[in-house]
């Protein structure tokens, strides 16, 4: 029996360069899924170009740590922007639940309006949904909408019956960007008898917006690996089939 591998490219909608890179990794590589940042500068462009690639699963990349929120979030905003101070606010108990829930609904509604359909699943920017105070609302929302959720089984948190993969590979990043790393991680998953795996990635082309990011040029390295001539064959040879969260 073949196992399911979802190769999900985060940050769809961050910029046109990222969008084009993700589409390239889907058309000519192993990326099967992506998640969209509804407050990204290129989100309208992402919705437009993804319409030509229905085989690319598109989920919601819930954002609480970057850019401007779609609704008012006084407990998290600094000069109208969100940032990585989210974790400090969470540790200090300063996140307002009503603001968080309103923003989640706002981003979901914006997704449906722009893409014309519900997302395939939900994850988050910088793994913000793994923060316990955020998790409880996101997992409840996923249950209410029937959407799968990015789950890291190493976290001892209740999934409340929400669907997710058995194994989440989150460290294909920076110095780990290589085909060897991917295949070794999949071999470990096979040994552990997991039936479904998600590999997170961040491919993209470079533009002015991406140049402002701390994670910039490695996105090109990721794109090169994900579109390499032999990677898809090697993945299939390990007993995996490529798919999306719709295949869970």
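Quick reminder: no glycine exception, Cβ is built from N, Cα and C everywhere.
A TrEMBL annotation is a machine prediction, not a hand-curated record.
Just so it is clear, the model here is predicted, and its values are computed rather than measured.
Listed in TrEMBL for this protein:
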BINDING   61, 125  Mg(2+) binding site
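Annotation for residue 125 (Mg(2+) binding site): same-chain Cβ neighbours under 8 Å, separated by at least 6 residues, are 10, 11, 37, 61, 62, 63, 64, 65, 66.
A 10 Å cutoff on Cβ-Cβ distances gives residue 61 (Mg(2+) binding site) a total of 29 other Cβ atoms nearby, all chains included. Mapped onto three states, the DSSP output places residue 61 (Mg(2+) binding site) in strand.
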